[in-house]
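A quick write-up on the structure given underneath.
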Amino acid sequence: MTFRGDTAVVVLAAGAGTRMRSDTPKVLHTLAGRSMLSHSLHAMAKLAPQHLVVVLGHCHERISPLVDELAESLGRTINVTLQDRPLGTGDAVRCGLSALPADYSGIVVVTAGDTPLLDAETVADLIETHSATSSAVTVLTTTLSDPHGYGRILRTQDNAVMAIVEQTDATPSQREIREVNAGVYAFEITALQSALSRLSSDNAQQELYLPDVIAILRRDGQTVSARHIDDSALVAGVNDRVQLAQLGAELNRRIVAAHQMAGVTVIDPATTWIDVDAAIGRDTVIQPGTQLLGHTQIGDRCEIGPDTTLTDVTVGDNASVVRTHGSSSSIGAAAAVGPFTYLRPGTVLGTGGKLGAFVETKNSTIGAGTKVPHLTYVGDADIGDDSNIGAGSVFVNYDGMTKNRATIGSHVRSGAGTRFVAPVNVGDGAYTGAGTVIRDDVPPGALAVSGGPQRNIEDWVQQKRPGTPSAEAARKASAEQSTPPPDADHPP
């Protein structure tokens with residue numbers, strides 16, 4: 001991307017988005033893990049413009065702090081300016097220009113905050129065309145099979161751009177035109193300022209339309225150019241939730257395809273969803289029904305899925321994660337997780353470790369080679385290397401007031417159904433008997449067993465639950481046991 005360096009970008013994000021039927025501002029609705037506005041600002045920041053401006057209006061008090069956070073993460077300044085009244089896109093651009101230095105004299109790119117697939121390369125091509133043609137304005141256009149709702153591009157007989165007419169103001173014949181305004185422009189700032197001062201609200205919406213600038217500059221004898229793109233999805237806008245879902249699916253298709261081209265096997269792209277900030281290593285296999293969300297990072301040669309959702313999870317090389325729901329966790333190299341495993345935030349599983357069926361973990365570190373095979377809750381615990389936690393074990397971490405930690409050493413073997421009542425420490429190499437309740441520390445190498453000998457209360461069910469199916473079954477079994485077997489020498 002090479003173009004003239006004196007460039008400012010103005011992103012319009014002041015609209016109310018009433019067709020979304022939502023309390024959330026339109027530009028904050030998300031696709032592939034980012035809000036629409038975040039997609040736009042990430043793309044424009046890649047151009048490294050001198051100035052990046054966002055024009056806000058509706059719900060600006062909710063959007064502005066998020067813009068500040070994004071600016072910090074991108075490591076650049078993003079200026080925010082307000083459009084106090086919804087007077088149209090022309091007025092919004094005028095508000096955006098007010099955030100630029102008074103002596104700025106370069107190119108102004110105008111785009112919208114609700115075109116989430118627009119990329120930096122497309123805008124760079126627009127700027128290159130604009131500079132090469134020495135135009136006052138260059139507009140990005142595309143052709144749609146159904147152009148309803150878009151402004152139509154009017155051209156002269158020699159194919160020069162003459163004007164843009166909005167859907168509501170177009171004549172029946174103009175509405176048949178399929179080349180549309182993509183809502184992305186490159187302007188020379190002096191030409192733009194001059195045309196903005198002459199905009200009129202004499203139209204169906206009684207607003208100041210930015211596209212009317214094209215006709216004004218044309219009448220001034222200025223050069224008006226267009227850059228047509230075939231990939232119309234890049235400039236598709238979102239006005240309702242149907243369009244949000246459609247563009248979300250298209251963006252996901254592109255993300256999945258990019259991973260496939262980079263060496264990832266995706267068995268069923270139609271049921272696989274990958275956020276834009278997720279990363280996947282080579283020769284990893286993604287099974288159907290998998291969602292990789294947020295900043296999830298998958299290593300090389302992993303097996304992920306089926307039916308797995310990972311949000312902000314790091315997975316090391318050669319790991320297997322099957323039918324698992326995890327968030328804000330780390331899975332070590334060559335580890336095995338699943339099926340039906342729930343990793344809550346703060347889980348760290350070491351290299352070669354195992355979390356098996358119906359295991360839930362939270363805020364815990366499980367060491368290298370340690371196995372928690374099934375039916376276990378591990379919360380607020382630190383488990384050393386090469387230990388084994390028996391089936392049905394529970395880390396009892398909550399005393400009704402505070403969460404307490406348990407520390408389990410390396411090479412520990414806990415029997416099935418062990419209860420670790422935190423805070424408690426179990427030393428290296430210790431064992432616990434099945435069903436043991438660990439309330440006190442266990443020294444290294446010790447066997448911990450709780451509870452006395454088993455005591456059977458005879459006939460308790462018949463006495464305490466008479467008439468129940470259990471009591472009847474017990475009565476029959478007792479009767480059969482009390483009947484002597486027949487004498488083989490004297491059959492009945």
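Every residue number used here counts from 1 along the chain in the order it is shown.
In case you wondered, yes, glycine gets a Cβ from its N, Cα and C as well.
What Swiss-Prot records for His374 is active site, proton acceptor, and it gives sequence analysis as the kind of evidence. Sequence-distant neighbours of His374 (active site, proton acceptor) (same chain, six or more apart, CB under 8 Å from its CB) are Gly356, Ala357, Phe358, Val359, Ala391, listed in sequence order.
Here Swiss-Prot flags 12-15, Lys26, Gln83, 88-89, Gly151, Glu166, Asn181, Asn239, Arg344, Lys362, Tyr377, Asn388 as UDP-N-acetyl-alpha-D-glucosamine binding site, drawing on sequence analysis. The 10 Å shell around the Cβ of Leu12 (UDP-N-acetyl-alpha-D-glucosamine binding site) contains 25 further Cβ atoms across the protein chains shown.
Applying an 8 A CB threshold to same-chain residues 6+ apart, the list for Asp114 (Mg(2+) binding site) reads Ala13, Gly15, Gly17, Lys26, Val27, Met36, Leu37, Ser40, Gly237, Val238, Asn239. The Mg(2+) binding site feature in Swiss-Prot is assigned to Asp114, Asn239.
Summarising the annotation, Swiss-Prot assigns acetyl-CoA binding site to Ala391, Asn397, Tyr398, Ala434. Counted within 10 Å of its Cβ, the other Cβ atoms near Ala434 (acetyl-CoA binding site) come to 14, all protein chains included.
What Swiss-Prot records for 1-241 is region 'Pyrophosphorylase', and it gives sequence analysis as the kind of evidence.
Long-range Cβ contacts of the region 'Linker' (242-262) within its own chain (Cβ-Cβ under 8 Å, at least 6 residues beyond either end) map to 20, 29, 31-32, 116-117, 233, 236, 269, 272-276, 280, 282, 286. For 242-262, the entry in Swiss-Prot reads region 'Linker', with the evidence type sequence analysis.
Swiss-Prot lists 263-492 with the feature region 'N-acetyltransferase', giving sequence analysis as the kind of evidence.
Annotation source Swiss-Prot lists region 'Disordered' at 443-492.
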Q. Any idea what the Cα distance is from Asn181 (UDP-N-acetyl-alpha-D-glucosamine binding site) over to Asn397 (acetyl-CoA binding site), rounded to a whole Å?
A. 60
Q. Are there residues of the same chain, six or more positions away from Gly88 (UDP-N-acetyl-alpha-D-glucosamine binding site), whose CB falls under 8 angstroms from its CB, and which are they?
A. Ser201, Gln205, Glu207, Leu208, Tyr209, Leu210
Q: Tell me, if you would, which residue among Tyr377, Tyr398 (binding-site residues) has the fewest other CB atoms within 10 Å in the structure shown?
A: Tyr398
Q) Far apart in sequence but close in space: which same-chain residues, 6 or more away, have a Cβ under 8 Å from Asn397 (acetyl-CoA binding site)? A) Gly379, Asp380, Ala381, Lys403, Asn404, Arg405, Ala406, Ala422
Q. Taking the Cβ of Lys26 (UDP-N-acetyl-alpha-D-glucosamine binding site) as centre, how many other Cβ atoms lie within 10 Å?
A. 25
Q.
According to DSSP, does Asn181 (UDP-N-acetyl-alpha-D-glucosamine binding site) sit in a helix, a strand, or coil?
A. strand
Q) Considering the binding-site residues Ala14, Ala391, which residue's Cβ sits among the greatest number of other Cβ atoms within 10 Å? A) Ala14
Q: With an 8 Å cut-off on Cβ-Cβ distance and a minimum sequence separation of at least 6, pull the same-chain contacts of Arg344 (UDP-N-acetyl-alpha-D-glucosamine binding site), or say none.
A: Gly326, Ser327, Ser328, Ser329, Glu360, Thr361, Lys362, Asn363
